[in-house]
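Trainee: Mind having a look at this structure? Questions to follow.
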Amino acid sequence: MLPSTIQTLTLFLTSGGVLLSLYVSASLSYLLYSDILLKFSPKITAPTMTLDCANASNVQAVNRSATKEMTFLLPEPEWTYPRLSCQGSTFQKALLISPHRFGEARGNSAPLIIREPFIACGPKECKHFALTHYAAQPGGYYNGTREDRNKLRHLISVKLGKIPTVENSIFHMAAWSGSACHDGREWTYIGVDGPDSNALIKIKYGEAYTDTYHSYANNILRTQESACNCIGGDCYLMITDGSASGISECRFLKIREGRIIKEIFPTGRVEHTEECTCGFASNKTIECACRDNNYTAKRPFVKLNVETDTAEIRLMCTETYLDTPRPDDGSITGPCESNGDKGRGGIKGGFVHQRMASKIGRWYSRTMSKTERMGMELYVKYDGDPWTDSDALAPSGVMVSIKEPGWYSFGFEIKDKKCDVPCIGIEMVHDGGKKTWHSAATAIYCLMGSGQLLWDTVTGVDMAL
C-alpha cells in the first residue's frame, strides 16, 4: 500500500554559502490510483543574528532562514466500474488449487476442510474464498464436514494462488453461506449463519462489522456463494429465503460502504431463485444465471437495472439446459417459460460476461453428466437475449472430464491494467461420505488467446491414501 507522504524542505541561507537539508518521512496508508495532489502550506521565519566579522563596525549581516513544508495529499482510491474484457476468444486452464495434495502436512500447514469456494477480485488482488468447517486434514474433526450448516462453519480467504491452510487463511466471520466483493476502495464480506428458521446476514466492510439483515421467510435465508458486484461504490448482493423443495423468492440488497441502503424485489418468474452467479453485461445491467432447485432444469435468468434498481426474472430459453439433474437437451416443449420435467434438485452454475465493443459473449458451465455432479463443460453464446433465444449454446471445451467431480461453478473477473479478464471456477469435491472428510479443490479457467480449450483438470487426490 502506498502512502500519504510528508516532505519538509528547509533551506538555510548564510553569508558564506547555502546549506540544504532535506528531511523525508514517509508512512504507508493506501493504494495510489491516480496522480498525486500537492498542497503547499508555507512557513516563513526570518530571525536576525550578528555575524563575527573583521570589520564589524561597517558590516551587518542578516541570516534569513526560510522553511517551506510540502504536503503530498493522496486522493482516495476510485470506485470500480466494469470495463471491456481483455482480448481473447477461448478459455484455457489457468490454475488448480488442490489443497489435499498436501494432506500429509500437519499443524499450521495442514489444508483446511472447505466447500463452496469462490473468487472475488479488487483492483490489485484476487481472493480465494471458501466456507470451512473449522477443521483440517489430517485431523480428528471429520465428523460433520458433509453438513451444509452448523455452528462451526466460517467464511475464510487466502490470496489467490495460496493454498488455504490453517496458517494462510484469514477467518472473516462465522458463516455457512457467503459472498464478497471489492468496490475499488475496500472489501465487503457477507456471511450468513444462525438457525434455519431465523438465519441472519452479516456484513463486514474492511475490518468493521457494519450491518445485518434478518430472515424474511424463516426458511434458510442464504446468499449466492459467489462474488457480489460493485459499480460506483454500490454493491449488489443476491439473497433468497424459502424451501429447497418449494417457493424461494430472491431479493437483492444494495450495499454501500458496508451498509444496506435499498432492498430490490424482482418481478416476473419468481417461484424459486437461488445461488445466482452474477456479473455486469454493461454499466447499466447486472445479469445472473441462477438455480431453481424444485421446478425446472432451466436456469432462472435475472436482469437488474442499476440505474432504476429494478430486477426481472425469466427462465433461460435455450435448448441447452444448464442444471443438474436435467432432461435431454431440446426435450422441453412449449414456450420459454415451460418448466419441463426433472426439475427437482440442482447445482450452482458458472456464468461470466465477455464485454466487447461491438458484441457481448455469455459463457456458461454445466456438468457433463445429466444426473450426477461429474465433469464440467464450457459453453458460449454471443449476443442475443437469454430470455428469448431458443438456440443451443455452442460447446467450447471440457474443463473437467466426466471421471472427475464437478460440483458448484462460478464466474469472476480479474482486473488487468486497462481491461477485465473473465474467468470461471469449478468446485471439485472430494466426497468421502459421512464417515470421513469432505472437502474441495478449485479449478480455474480464464479467457486468453485463441484456438481451442486444450486440457482438462484433475484434482490428483486419492482419499484412500
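Residue numbers in this text run from 1 along the chain shown.
Just so it is clear, glycine is given a Cβ too, placed from its N, Cα and C backbone atoms.
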Trainee: So C126 is in a disulfide according to Swiss-Prot. Which of these is its partner: C86, C121?
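Mentor: According to the record, the bonded cysteine is C121.
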Trainee: What does Swiss-Prot give as the disulfide partner of C228, choosing from C181, C230, C250?
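Mentor: Out of the candidates C181, C230, C250, the one Swiss-Prot links to C228 is C181.
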Trainee: Around D148 (active site, proton donor/acceptor), which of the listed recorded positions (R115, C121, C126, C181, E275, R291) come within 10 Å, judging by Cα atoms?
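Mentor: Final answer, ordered: R115.
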Trainee: Can you tell me how many other Cβ atoms are located within 10 Å of the Cβ belonging to C288 (disulfide bond)?
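Mentor: Cβ-Cβ neighbours of C288 (disulfide bond) within 10 Å number 28.
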Trainee: Just checking the recorded positions R115, C181, E275, C317, C419: which sit within 10 A of C121 (disulfide bond), CA to CA?
Mentor: C181
Trainee: Sort out the sequence-distant neighbours of C317 (disulfide bond) for me: same chain, 6+ apart, CB within less than 8 Å of its CB, listed by position.
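Mentor: Expected: K298, C336, P386, W387, T388, D389, S390.
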Trainee: Just the number: how many Å between the Cα atoms of C446 (disulfide bond) and C235 (disulfide bond)?
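Mentor: Counting only the Cα atoms, the answer is 24 Å.
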